[in-house]
Amino acid sequence: MARYNPLAFTSGPVVFFITITYTALLIALLLTHLTLPSYPSHPPLGINLTQAWSDLEHITREFHPYNSHANDNVRAYLLSRIEHMMASKKLGSDQVQIIDDNISNATFSSGNTTVYFEGTNLIVAVRGSHDDQAFNDRNRRPDNGGVLVNAHYDSVSSGYGATDDGVGVVSVLQLLSFFTEPKNWPKRTVVLLLNNGEEDFLNGAKAFMRHDISQVPHTFVNLEGAGAGGRAAMFRSTDTHVTRFYRKSEHPFGTVVSGDGFKKGLVRSETDYKVFFEELGLAGLDIAFIEPRAKYHTIEDSTRETSLNSVWHMLSAAIATTSGLAADTSTPDRESHDDAVWFDIFGKVFIVFQLHTFFALCVTLLVVAPLTLIGLAWSLHKADRNYLFARKAFVYSADDDEPIHLYGWRGFFRFPIAFGIATSIVVGLAMMLSAWFAVSWFLLHGADAMRPSALQRMYSLLWLFIGSFCLLVFFTILANNHQVAAGYPSLFCFATVFLANVLSFLELFLAPPKSAYAWNVHQNADGGSRPLTSSATAARSDNRATTDDDATETTSLLSGNRRSFARHDAGRRDAINEGANSQEPESRRRLDLGQPHSGEQEWSGKLPSWIWIVQFSLLAPMIVILVGQIALLLTSALYQTPSDGNSPLYIYTSIAALAVFLVAPIGPFIHRFTHHVPTFLFLLCVATTIYNLVAFPFSEQHKLKVYFVQRVDCDTGVNTVSLTGLDGYVQRIAGNMPSAQQSSLNCSTPDIVTRKELRMCEWEGLHPNVVSPTSQYSNKTRATDWIDYEIFHDDSNNRGRR
């Protein structure tokens, strides 16, 4: 009885190792994505996490949008905290400058909107130990630049603003405490900005641009929030140089895919990053909370929904990044913004390199990989061991021999057919990893059961090579022509698929030469002896498969036993000379062909049965880690954005594609699975599909958001209310509004380009009683008297002012 091999390419080891590997990797990815590192019991010198949490609770007691009393209270509290903090520090007033900016203002136009804004920013500048110039010096040296750290202290009118941007604000306060410790004194000047008015047109950052100190920094770190708790991700960056400093973070988190998605408009919101990079010309990065987006700009953006662990995750990243930038004494090049490729691995390791490097590696691999496989195929051919696409072999020549069938084509088209059908089903369902697995297994296992092939795994890997080659070409073009770095997984995936294929080609060098195998089969057939295999059952199975494959509607019923005299005579001559085997060439020696897998080609019996586990170990971990991270991030960041106006089709297609890439490494090995796992996944697919199609899509934890706008024409007094949201839902919401009960709804496509995927329903609204009708104010509530203004035009300077 043959000994059991725990690494053999059989059902037991395949199911065990693949299940364990995927389970371990997916659990690790989920834990990294959903859990937070604990804050330290002994934080760095100058950091007080208890005080940070107290500050966060104080500034988020009320909604505090710009131009509200609560906003004024928050500003007064922050200013008092800064002054109190500086009173207890040893750095003198010549090293720390507090700027209570009530002067800077901004006027700008965008489309049909003109904005005039008066800033109320708070700025603290910690002079660097290497900075010997005045902050207002217009001729500051390029090598004397500083670092800007920004957060905004205003909230939206519908939320407390704990993560948007309370955590960023308290992080800035702690950075001030950190850098004013003599041991932490930075080499470069650190400008700490608490701006007011980000939620409306990024006004606070635009007002900062008008202040002289805005010319001091040459890099920036922007702290933002678009969720409620969780990890703070390195959301986007301007170039490779500044991104490398984030690598020093204790718990790095993020991928360049988020930055590319932001550039392509997948997230319909902006941050102060836009002003600092595009208008001030600074190099820097965004560190932001990105989920759960359902709580973004809602009443649930509160301290109850976040934690001190979240505060520490953002603060620790800000400390590491800002410290690195402030210690960098190299001369900045404001004209050079080399795009970066960056991603983390399990929140522990941060990889960053230039997009140019990515392009060079892609081109190199696209050239080297095919040439290597072609070289290996040629070597196999020269060694007479290339069974790929080999239909038959001859003992002597094609003129006088009956062919010995090798069945090298068997299984070639299985993988692309199964892959295409399974992928189509996944895209059609817009969900379900289980659907792809179940359908692929049914097709590939069924084909293997009917026509077993030792080359099915190798052909599947070849198809993966072709597919990943095309994918890498696509992303290489995107990287070179459009500076899109999101395709970085394709480089690593193609490299692993290439190495797995190299192993498959090398494996064939251990197969017997085709001529030797043909001679052995010929000898066994003519001499009436059995092949020298370890199992007669395997031989009979292989012979049965051979007969089935040879038979056609034109095949003679006697062809299986037919012998010519010449053949019989040749067999006798061979039998007579059988004793001289030791003096004959390798192709004329008897071979121990080993035991092939049930029904597979007899020549495959001696191939090592453990190669598959090396191939799987190359394929699965890298692909699952890189693609799984992106899938989790995009799903959590984008699943709520259709209510913002994003196209659901693009999001569903992206998720389906990522789901397919995630399970594709199983494809070459899936035909060895028993029915138990696919059956379970199929039932899971059916159950979850029914639930997802029947269940109401929104809940308390996953709310539907709509845009509410009320317009009052100050000339005519016409008052219009509108709700903009998802078609089919916004009509029901608007119809239940009390003010709409007696009015007719007018639903149409919004004029705003970014909301074309939504519907806007309008009706005549209630008149807004800004001032009580019984009050003694002179202008009462007449809309025509709400605004009094005059416009002066200075012809001499061609300037206008309000």
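Every residue, even glycine, has its Cβ placed from backbone N, Cα and C.
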**Prompt:** Swiss-Prot records ASP164, HIS297 as Zn(2+) 2-binding residues. Which of GLU118, GLU199, GLU270 is assigned to the same site?
**Reply:** GLU199
**Request:** Determine which of HIS152, HIS218 appears in Swiss-Prot for the same Zn(2+) 1 site as ASP164, GLU224.
**Result:** HIS152
**Message:** Looking only at the topology recorded in Swiss-Prot, are ARG414 and PRO768 found on one side of the membrane?
**Reply:** yes
**Asked** Which residue range, 70-89, 390-409, is the one Swiss-Prot calls transmembrane segment?
**Response** 390-409
**Prompt:** Quick one: do the transmembrane segment (424-444) and the transmembrane segment (678-698) reach 3+ CB pairs under 8 Å, ignoring pairs fewer than 6 apart in sequence?
**Reply:** yes
**Complete:** Relative to the transmembrane segment (491-511), the stretch among 14-34, 358-378, 610-630, 650-670, 678-698 with the most Cβ pairs under 8 Å is 610-630
**Message:** Using Cβ distances below 8 Å and needing 3 or more such pairs, separated by at least 6 in sequence, tell me whether the transmembrane segment (14-34) contacts the transmembrane segment (610-630).
**Reply:** yes
**In sequence order, the recorded positions (HIS152, ASP164, GLU198, GLU224) whose C-alpha falls within 10 A of HIS297 (Zn(2+) 2 binding site)** = ASP164
**Message:** Take the C-beta pairs under 8 A between the transmembrane segment (650-670) and each of 358-378, 610-630, 678-698. Which stretch has the highest count?
**Reply:** 610-630
**Asked** Going along the chain, which residues at least six beyond the ends of the topological domain 'Cytoplasmic' (671-677) come within the CB cut-off of under 8 Å?
**Response** 9-11, 14-15, 18-19, 437, 441, 444-445, 447-448, 456
**Message:** Over the span of the topological domain 'Vacuolar' (631-649), how high is the average pLDDT in this prediction?
**Reply:** 87
**Request:** Determine, using Cα-Cα distances only, which of these binding-site residues is closest to TYR296 (site 'Transition state stabilizer'): HIS152, ASP164, GLU224.
**Result:** ASP164
